[in-house]
Amino acid sequence: MEKYENLGLVGEGSYGMVMKCRNKDTGRIVAIKKFLESDDDKMVKKIAMREIKLLKQLRHENLVNLLEVCKKKKRWYLVFEFVDHTILDDLELFPNGLDYQVVQKYLFQIINGIGFCHSHNIIHRDIKPENILVSQSGVVKLCDFGFARTLAAPGEVYTDYVATRWYRAPELLVGDVKYGKAVDVWAIGCLVTEMFMGEPLFPGDSDIDQLYHIMMCLGNLIPRHQELFNKNPVFAGVRLPEIKEREPLERRYPKLSEVVIDLAKKCLHIDPDKRPFCAELLHHDFFQMDGFAERFSQELQLKVQKDARNVSLSKKSQNRKKEKEKDDSLVEERKTLVVQDTNADPKIKDYKLFKIKGSKIDGEKAEKGNRASNASCLHDSRTSHNKIVPSTSLKDCSNVSVDHTRNPSVAIPPLTHNLSAVAPSINSGMGTETIPIQGYRVDEKTKKCSIPFVKPNRHSPSGIYNINVTTLVSGPPLSDDSGADLPQMEHQH
């Protein structure tokens, strides 16, 4: 980690912090996620190892790319490329919602990235605006895989996890331990309306209140989930809310088009078995009308290539700067040597000092013409110029090799932004920027940004119930995170 210069704190949370750093060799700006002393905290170690393992396996244009992993003094360090903009930033800048074309491009990439994870039997489990990054070119990146995991084998159950309540599917809220990919699809449905309208769809302030919001919009839970709710000791003495009159999506958001409402409804089906797969969502009319999917797929590849070129140009610029600094230092060194040499030959002392004060070229001509032997000596004493080549190979400081030679994309795990050090970029055409009024997003999210390590506990307008659920699990602990050895990088082409 000595090769990185710390430029300041980006954010911090319960499990660690993220720092903005510069690679001293290449000048490249990166984000380094530093976990707490994971050897002393089993939960921190579990989260760190899970994120490292999954990010090493997954390589996709819409997923954050892990550049390097180090372990120093019982702490894990994850090195990512630096990006300081998320969809949450867009929603705070444009509280009335984003433009149709922007939402269309964002959702296409979000579903594309989640679908890639699902094709490798991995569920993210914490999809939300602050975990979706956006590069300067508009490339979306899913990040923060600390709660992601592989799908359970038949008969195996999942352990409970702490994720953002507003985007939890009903099966998670009632304590079902046999959930699957459908929980990510539910979160997509929540994002659909939030990006268009600028407000969260189900802003519950407790698990039972969250269920109330869901049932008010979508109706009663399926029988299996009702049974799980009644058997869950956390809800002992509590009944599911009785819904006298529903407020469906089309009534709540009359300005949204039918195709948008239909996309959201499909993702938010109360029965997880009836929610579509990501591949089906990409063929929805919302993406297929006017040839958007085919046209944007080509545009996306150009955006990815542009980001890669920007990284390459940045490296070359830094290298040229460092070589210029070396050249300047050599000139100063030569001047010093020439001045020292005049002490041995007083007859030419005044002449040499006069030439040194002149231009660099004049000084070199004088040396070549009048002091050939001295110039030869200086030539031998020069430091050779070594070209600095941006390194693409990854080295684990804990003797774990990582080989990543592909062009990395630009991403950073999100944490609370320190706006004094990091100013988010604003994409044009995003929407109409207004001065935020006092409300749930201003009260809770203007603390500079969200902290993904510390899950939000914001209040809902209804606030009818106030009971949190914790799933009771009797199954064995996860085996995929307990290993102390860092897994080898596996590229997915």
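Going from the start of the chain as shown, residues are counted 1 onward.
Cβ coordinates come from backbone N, Cα and C, glycine included.
Given the structure is predicted, the values throughout are model-derived calculations rather than measurements.
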| query | Which range, 45-51, 122-128, 164-170, does Swiss-Prot list as motif '[NKR]KIAxRE'? | reply | 45-51
| field | Matching range for Swiss-Prot feature annotation, region 'Disordered', among 297-318, 363-384 | value | 363-384
| said: So if I draw a 10 Å sphere around the Cβ of ASP126 (active site, proton acceptor), how many other Cβ atoms end up inside it? | reply: 25
